[in-house]
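**Q** Got a structure here, written out as structure tokens. Questions coming.
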Amino acid sequence: MIEINQVNKVFYQGSKEIHALKDINLHIAEGTIFGVIGSSGAGKSTLIRCVNMLEAPTSGSIVVDGVDLTKLSKKQLSETRRNIGMIFQHFNLLSSRTVFDNVALPLELAGKDKEQIQSKVTELLKLVGLADKHESYPANLSGGQKQRVAIARALASDPKVLLCDEATSALDPATTQSILELLKEINRKLKITILLITHEMDVVKSICHEVAIIGGGELVEKGTVGEIFAHPKTELAHDFIRSTLDLSIPEDYQARLQPTRVAGSYPLVRLEFTGATVDAPLVSQISRKYNIDISILSSDLDYAGGVKFGMMVAELFGNEEDDNAAIEYLREHNVKVEVLGYVL
């Protein structure tokens, strides 16, 4: 449905070149929810703006539903964009128009008659859970309701693709989840392809079938959500996965951490388990095998794409040789181990 082929985007500040996107290649299948995640400045918003040609790529092609958008005239592009809906972080509703009239706007611009508009807008407001808000104004709506209006408006022209640019980042967690559930329902009912840009791995975990990770304008890693969570290949992927788990180190431990091992200190380690390692009794195995005691300070377990993943912060109480052997054993069994320091 969406093919992004060798896309580059260069911005210029005077004589300085800024490479926002570098040789991006992505193929997004019809009917999927595809997430693109990256930190601020990674290039993800530039990428989604290239998909509907709000930003023209410096080189490369953008193919949507078999049409190369980079080769279209302005008139052809305007017509083709009706197949591409888009929602933003900041809703972009017209404050002087009612909910009904905001959703009706694209239909009015397309020259639809009043009966068609009435029927379509009523149907869409029911779909997004705002059947009782026809005559309300944006100022009287919550953030979540405003985003629902924006979603309904984006669907007014029956697009085949819905682009979501940080659509939940201005919302509280409960409202975010309700909007994500709505997007899943829309994907299921309308078979619409959704390309979603976010900086939150929780969003990817909740809704996406596949994900691409972008850093510094480059495609770092891509795959199904299950593959990325089970077998992350890059440090950036590990960082995003880590952000979905609630782990904290007690303040008194942080104050006692030493950068190197000294007499009377013990290693504090962070263990990352993915895929099969989650269910393996590795912690009890190293305790018996290397005769060390283990104090678990915090741990968390979650699911994404049908895959379990988890993390643990623990202190190892053994002699230096046994502690190091235990750490090596865990690494040999595909556990990512990070020594955070040594607790004195």
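The backbone N, Cα and C atoms fix where each Cβ goes, glycine too.
Annotations for this protein, taken from Swiss-Prot, read as follows:
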type	residues	note
BINDING	Gly38, Ser39, Ser40, Gly41, Ala42, Gly43, Lys44, Ser45	ATP binding site
DOMAIN	2-241	domain 'ABC transporter'
**Q** Looking only at the domain 'ABC transporter' (2-241), what is the model's average confidence as pLDDT?
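**A** The predicted confidence over the domain 'ABC transporter' (2-241), as a mean pLDDT, is 94.
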**Q** State the count of C-beta atoms found within 10 angstroms of the C-beta of Ser45 (ATP binding site), not counting that atom itself.
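**A** There are 21 of them.
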**Q** Below 8 Å Cβ to Cβ and six or more residues apart, same chain only. Which residues does that give for Ala42 (ATP binding site)?
**A** Ile214, Gly215, Gly216, Gly217
**Q** Please work out the number of neighbouring Cβ atoms within 10 Å of the Cβ of Gly41 (ATP binding site), leaving out its own Cβ.
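**A** Cβ-Cβ neighbours of Gly41 (ATP binding site) within 10 Å number 12.
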**Q** Neighbour count first, Cβ atoms within 10 Å, every protein chain included; then name which of Ser39, Ser40 tops the list of binding-site residues.
**A** Ser39
**Q** Can you count the other CB atoms that lie within 10 A of the CB of Lys44 (ATP binding site)?
**A** 27
**Q** Within 10 Å of the Cβ of Gly38 (ATP binding site), how many other Cβ atoms can be counted across all chains shown?
**A** 24
**Q** Which residues, sitting 6 or more apart from Gly43 (ATP binding site) on the same chain, put a CB under 8 Å from its CB?
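**A** Residues satisfying the criterion: Lys9, Ala20, Leu21, Ile214, Gly216, Gly217, Glu218.
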**Q** Determine which residues of the same chain, besides Gly38, Ser39, Ser40, Gly41, Ala42, Gly43, Lys44, Ser45, have their CB within 8 A of the center of the CB atoms at the recorded ATP site, and list them by sequence.
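**A** Going along the sequence, the neighbours come out as His199, Ile214, Gly215.
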